[in-house]
Each structure stands twice: as structure tokens, then as C-alpha cells.
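Working notes for the structure below.
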Amino acid sequence: MKKFAFTKMHALGNNYIYVNLFEEHIAEEDLASVAIKVSNVYTGIGSDGMILICPSTKGNVKMRVFNNDGSEAKNCGNGLRCVAKYAYEHNLVETEEFTIETLSGLVHATVHLQDKKVNEVTIDMGKPKLKPAEVPMLGFEGNSIVSEKMEFGGEELIGTAVSMGNPHVVFYVENIEKAPLHTLGPVVEKDPRFPEGVNVEFVEIMNESEMHFRVWERGSGVTQACGTGACAAVVSSVLNNLTQKNTPTIVHLAGGDLTITWKENNHVLMKGPAVVICDGVYYY
Ligand SMILES: N[C@@H](CCC[C@H](N)C(=O)O)C(=O)O
């Protein structure tokens, strides 16, 4: 029987099994099936997926993200904050500012300490990508897909598509409690116009610097929070003239709040908490 030590962490309820590959080993061919198994609430540990904290040749540490269906994503905002907390508290890094490599590039992390422990993390998520081919989304041309008519499952929606290293589509609703998460989420996620699938976000604007947010995540379904999704929602809202650039925006997710700022230099800053739940050993 094979085994590895893990730490379960969450960021606003978006919970993953974190494995420190500086010390542990999981064979590459086992990664997808192990992610599915550990995520199972009945027969595994129960999580939105599995995140690997790996040595990096480009940054201080490297993050790899697996959704609970075993698919690998190129980025994860909540995962980045937890990886930053883990890396700092396990002495994988020595400073309060460092870099994390992802499959979509290098990001800059700053940990915020309370009693020598990391309670919040700011990640410079880099620049959003807006071109249809960068999202990727088929059927559109030009520099961006902002407030475009899209029909899904017989319903016409107005959507804005944004890549934060992973694909997102944002729809605005009048009442977040009535967002069609469970009905439209899975339909939009698998629509062939998104050749790599898509994370689906519903947003209710409260005022110029505050919004409610719910998400159907690609590969994981409904989660309590999505960091890249919250960044995409803020970028979308600036593009739709609903919020302003360079202004911190509070995003109220099901699991709590994130502060997101789309800076004048085009970089998106995300600030929010990261929490350890437990440590353990998983057998497979
Ligand atoms: N929860 C994450 C995003 C995880 C990956 C996503 N489901 C995808 O497949 O792109 C976040 O906090 O950003």
C-alpha cells in the first residue's frame, strides 16, 4: 500500500488536500486518480481537489492544482494563498515576499503575519488575458468578449469572458440567491465554445466597490469560493463600467470576503485568508 502525508487547508471554504512534494512522492501517472480518491467525501478525505507544493526552477515553490474530477488546472487563487501560508510556515521560503510558479506563469506572494503565523496573503495574480483565443472561447473575434450575447441551454445570457491563467465566464444577476448555479453552471462549463471548459461565475453588483459572487467551478462543481473567479469578476466589472480600476473591491463569496484590485498597471491583486484544517497520512 502507498501513502503520503498531507495537510488539508481551506481559503474561504475552498478546500484542498495539500501535498508537500519536497518530502513526499506521488507517481505522475497516479496524480489524477489520487486527486479523485482523496476528494471523495465518503471514501476519501473530502475536498474540492488536490494541490501539490513542488520544488521550482523558476520561483521559490511551484503549485500544481487538480480538481476533484482529476483534471489539472493551470491556476488557483485560493490555492496560491494556502501554498504561500504553507511555504512560509514550513520554512520552504525565508522571506515574507516570494514567488510561486504555476502552469500559467510566476506570481508574487506577500504573507501577512499575526503572532508569527500567516493569517492573510496578498497575491499579485498578474495580468488578465482577454482575447478570445487566450480565454479560450470560440465564436468571437477582436480584443475581448465583453457583454456579449450567448445562448446556453435555450437561455440567452450576456457574458464576459476572462482568463486569469484559467478560463472564466461572468454573468450578472439581480439577486445572487436566485443565480442558476446548479442548472446553468454544468451546461456552460461543458459548452463546446469553451474548448478547455470554463469556470462559471454569477455576480450581483452591490455598489461601485462591492459585489456578491457565486461560482460553478470547472472540474469541481459548486465551491464556497474561487480566487481566480473573484479576480475575473472584478476585471469583468471594470470592463462593464460597473466598478473602477485601481479601487479595492470587496467580493462577497459564499465562504467569505476577498479584496481584489485591478491596478492601473493591469496587474490584479488578491488579498484574503488561508487556514490549516488538519494534517494526516493518506493510504491508497
Ligand atoms: N478554486 C480555484 C480554481 C481551481 C481551478 C479551476 N476549477 C479550474 O479548473 O480552472 C481558485 O480559487 O481560483
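Every residue, even glycine, has its Cβ placed from backbone N, Cα and C.
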Check TrEMBL: it lists N14, N67, G77, N78, N166, E217, R218, G227, T228 as binding substrate. Then name which of N40, N143, N199, N246 it lists for that same site.
-> N199
Which same-chain residues, if any, lie at least 6 apart from C76 (active site, proton donor) yet have Cβ under 8 Å of it = Y16, I51, M63, V65, T102, N166, G227, T228
Which state, by DSSP, holds E217 (substrate binding site): helix, strand or coil?
-> strand
Could you round the CA separation between C226 (active site, proton acceptor) and G77 (substrate binding site) to a whole angstrom and send it over?
-> 7
